[in-house]
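Chemist: OK, Swiss-Prot features for this one:
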- 486-496: compositional bias 'Basic and acidic residues' (COMPBIAS)
- 507-598: compositional bias 'Low complexity' (COMPBIAS)
- 859-870: compositional bias 'Low complexity' (COMPBIAS)
- 895-908: compositional bias 'Low complexity' (COMPBIAS)
- 924-1033: compositional bias 'Low complexity' (COMPBIAS)
- 1057-1080: compositional bias 'Polar residues' (COMPBIAS)
- 1108-1176: compositional bias 'Low complexity' (COMPBIAS)
- 1184-1213: compositional bias 'Low complexity' (COMPBIAS)
- 486-598: region 'Disordered' (REGION)
- 854-908: region 'Disordered' (REGION)
- 924-1040: region 'Disordered' (REGION)
- 1057-1082: region 'Disordered' (REGION)
- 1103-1215: region 'Disordered' (REGION)
- 655-685: repeat 'ANK 1' (REPEAT)
- 689-718: repeat 'ANK 2' (REPEAT)
- 801-830: repeat 'ANK 4' (REPEAT)
Amino acid sequence: MTHTIRVLIKYQNSMIDHFIIKGVKLSTQIDMFCQIFKIQEDPIKYSLLVEDLGVYLTDDAIFHENSTYININNKVLELQLGTSYQVSSVLKTMSSCKDLKKSLVLLKSHLTKNFCAEFIKKGGLEHLQAIIKSESASANTLSVAFGILEILSVYPDFSWDYISQPVIDKVVSNFGYINVNPSLKLGIKLATDRKGYTMLQNSIDKTFDTTTGDNCVYSKIVNGNLSSTDINTQTSTLNLINNMVSFSQSPIEFLKNLESYNISSTLKSQLSATDTAFRKQIYLFQCHKIQGLIMDSKTPYNKDEPSHQRLLETLWSTLFPNQVFQRSHENWQIIGFQNKDPSSDFRGMGLAGLKHLIYLAQNHKDMFMNPLINRQPEANYYPYATSGIQVTSFLVECVKPINISANHSDVIGQIYPILFESENALNEIYCVLMEIFGIVWKDWNATYMIFQKVFQFVSGLASEVLPKCKCVVDFKSLIIEKLENKKKEKKSEKRGSVSTRHSKQFGSNGNINSTTTTTTTTTTTTTPISTTGSGSSNSLNGNTSNNNNNNNISMSYSSNNGSTLSGLGNNHSSNNNNNNNNNNNNNNNNHILNNNHLYVNNTNSNSSGNNMISCSPSGSSISGSGSISIHNSQSMNSKTFIEDIDIDACTVSPDGNSPLHSAIMNSMTLDCITNGININLFLNTTNNQGLTPLNLACSISPYLIIDFFLQQDTDPFIPAKNGEYPFHNFCSRKWTFNEFTRGCSLFLAKSNHHQYHDIVNQTNHVTLETPLSTAIQSGNEDSVGHLLTLCPNINNYFNSSGQNALHIAISKRNLHIITCLIQNGADPSIPNEITKETCEDICASDPEIMIILNPTKLSRSTSSTSSSTSRIHDESNNNGSIKKNPIPLPKRPQITNNNSIQYSNSTSSNSLINNNNFNNLLSTSINNSYNNNNNNNNNNNNNNNNNNNNNNNNNNNNPNNNNNNNNNNNPNNNSNNNNNNNNNNNNNNNNSTLNVNNNNNSNNNHQYVNSPYNSNKSSISSPNHNNTPSTSPGITSPIFRSATPLKQTMSVGLMHSPTQESPQVISTPTSPPYLSNNNGAERVYGRSGSGFFNNINGMFNQENLTKNSGNNNNNNSSSSGGSSSSNSNGINNNNNNNINNNNNNNNNNNNNNNNNGSIGNSGNYNHMNNINIGSHHSNHHSNHNGPINNGNYPNYRGNNITTSPVGVTVTPPKDQKKADSVVNVRRLLNESLCLVDLICSGPEKQKENVKKLNEALKSCLKNVKNF
């Protein structure tokens, strides 16, 4: 069988809607399209290109039925010359055309993926190179040619081996022409390929050998292109240089060569550029400048390596020129190494520390030798060489490049202008820091025990000043200026005396010059000082006291923008001018906020050494974010002023927040963080809460910042003081699935684990909470779903309260999370580990949670006592939530191939297997109430309401109008209900009685409420209720699921048309095959093979009814005009319990028949007489609970016709043609239904039966048109 695919065929500017036929050769169809478009050329030259995919259609996609090669459905296929013919045509034009640019433009218009591959294979590069090497090629022509060569270079079939060296020479010679950007782009492609780089370097070296001065290529690109005003040229040029440095075999030497052309000073003048792409290239060049230092720091010192030995000899010969080198000697200790053998001290920084010491000794020998000439006392020993290695470590961490991934292409690290001053800028910074270190060591009169304090103080000052300086001289002067300011600030803090203490003052040489007595005032404030400036808030807490007097201290904080911050403590006045009648001293201290930074310097030392120290004009932020740093610490009695200064204050605020913490809390952008803060210094620092910047970012920052931190050298396994890891905070927030998955991957990459399972169950060491339970606590359904997607198997980890994830979700009453957890393996039977509470105890028997926890064991009492406002659980919205027991019925008759019915034996010994006994079958013995308009009916009896009424009746009631109900119960529990309605609406109620023979008579009316449509959910079971086997559901079984075979239900119905006076039988799609019955003069096409079908369809005979009545108690039926509802006869089972069910229907002349599993009949049945069809104002509705359409059959209007029993000929209708059509439709439908049953019964003759079924349905459709 052939299939067609709808496509749009395009040729030049024309397009047609056509089909591609599968199974037909593509060449044949292309020939047809060429004829449609009137193409004169040979069709074999043409191909069909799928425009969206950029691929050509092949026979593979045409002939293979299930081919997944390409999807061309509804796509545009362009009819064009095949790739081979296109290339041949273009090459022919390039060879013959004298206009080189025109031929190149033609070539550029064909540069598709397939064309480029074919162009390279056919030697097209030779033609292109010939144009480039041509002397007559203009600059514009070369620009187009270089652009085409750049495009071709990205395809796999391309190799730089195909390109000759003269072409590369032509490319290099055009680097200096600013308007020829393609030459620079082509140079970048060359520099990123090993073969291309070699050819590029050969061309540059060749030019360097033959030219001098400004004609040199490096001079052109450094002094010409980088100094130009075209930002694109600058970016491309610097990109080329960076690529050449990266692929160079000796990058350090290559950079030295570039420095001879003053590239650093040229770039330094361009640092103010704002273009992101250009600034990124500047940052990459800075990384190349410091890569020597980074590489040396990662190269461990090896005393057995000759090159390393020579470096150590260089240091010895510089410091001790008159002595023979010795690897182990006490001179090494004299200059500051820890041991006689210095090799062990280089373990931290490798060769970088050694090279810096060599540079210092060679260029600033006087600084190196001063500690040796002026030897400090043993207590003040200055480990000069060791401090030099520590300074090297600081510089490496300070300037170390950050990791920039493809996801952060716009992220640029910190650019230090001072590094672009000269080639040795970094070495000179090192020398300045060593000088400052010595100054601080002397001023502090430091000992070896506080070495780390001195180092932290110096490194804090350097990290603050370094990004702001443009040259080494400025760097040195600014640091010295800050040191002097701190000395002045300390001196200005001294106040009048209340208590005295003695302190020793040391001179510069460390000797005691004098002993002085200093009088200080104890001033400690408890006043909280809150500030609002650039989004930061800090507080100052302390107590105000003095020894002799009660002092009122007023503090006024003013800023340049006019804002005022005041601190008010106990018994304090906030007025600047205070009159104290009690002669109390009032101290008014004005503090100025300059540039949003607070300086608080009103603290003095007391005899006990409780001091408040404030510092950091930078506000603890390199970026100048305006955060306020006020540090409160307990310091020891100092010998000099500078020792009282807390070292951490220059970088850390009182709450322990580093500048990186402050930037995160102030919601700074990633660009501001990377540009304004040296993140390498603070990545793993913790504040007073134990939060690292990553942990803090996972709590409040956007995903981009978290992603960036995870790609740096941060440790994601440092917990906070509350035990939460960064991943806990990460899971407590909402992310997209892609963000969450990538974040988990980055966390996983930094751990030793290899599965998501270990990260998901990472435990808080304080509360024992996992990230999953943290997400549940915060109600974050998205994160819970993501976690379960990554790790579906949930282990029942218990927290410190004994709860697992499911317990927490239940306590939070989050139905969605509870469902997700159970679906992913959470066990509802596990109790609380400590309190032993079960899940049901935790949910307090909440019905909705109980259904989720245990849908199959929900008790009927819980269901019946639920609120009336609760959602009705029916088959559509709570399938399987309540266990429903069907009424016991005989098994389904089995179908044989000869269309005969064989009834299977029932579980009862008195099974009814003949036609007469089938009249006793309980077809509609118990009618369940159903409300078509979704109303809540609270009835103990089954009521059908189609008029939007809510009924609360405990008897047989008619809800619509004023009806009188007389309930008469006879000894056989048969009640006759006479209902009088003002609208002449009568309800016929037949009580179906089940008689049993076990001598058990019940005087109560038992109700079976097994239908899912029972609105009040009452559930009263019969004492002797046997379930029908699931493989053979009864007719009145309340649920027919999709798994139930069609052949297992037996429901039929009655249908008549306005043109036929006699009702005829029509079967439902689930009825067994019919057998023809010729008992009457006229054949009626109905299922008349059993008394059961006769009973249901109203074709009763006197003999069957008499036999049926003999086996039961008297079943009386009364009928009247108007609307009616009917119940079928009772069945005689082996029980002696009488069950009375009353069905009342009153619908304002609406005839409603409710039968479970069967189509209702549209008239009243008098079991001893004929059948009454409803009055001519009756609307017949059939409500059924079977697998067929749950709705009403079309309404047919009767004519008050009375039918005759079986055997009496039906009166012919007036319109014979329509009547015949009706009969034919019934016959065809019966045949169709029988064929359906045969098809479902087995595979025998299935194709033949399907064919017959199609023919029967087509014939039926033709007859319906005659209606």
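Using the three backbone atoms N, Cα and C, a Cβ is placed for every residue, glycine included.
Show me how these features fit into the structure around them.
Modeler: Mean pLDDT for the repeat 'ANK 1' (655-685) in the predicted structure: 79.
Across the repeat 'ANK 2' (689-718), the DSSP tally of helix, strand and coil residues reads 16 helix, 0 strand, 14 coil.
Residues 770, 772-773, 776-777, 779, 781, 784-785, 788, 792-794, 837-839, 842-843, 846, 848-849, 852-854 of the same chain lie 6 or more positions beyond the ends of the repeat 'ANK 4' (801-830) yet place their CB under 8 Å from a CB of it.
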Chemist: Taking helix as H, G and I and strand as E and B in DSSP, count the residues of the repeat 'ANK 4' (801-830) in helix, strand and coil.
Modeler: 16 helix, 0 strand, 14 coil
Chemist: Could you break down the residues of the repeat 'ANK 1' (655-685) into DSSP helix, strand and coil, giving a count for each?
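Modeler: Here the numbers are 17 helix, 0 strand, 14 coil.
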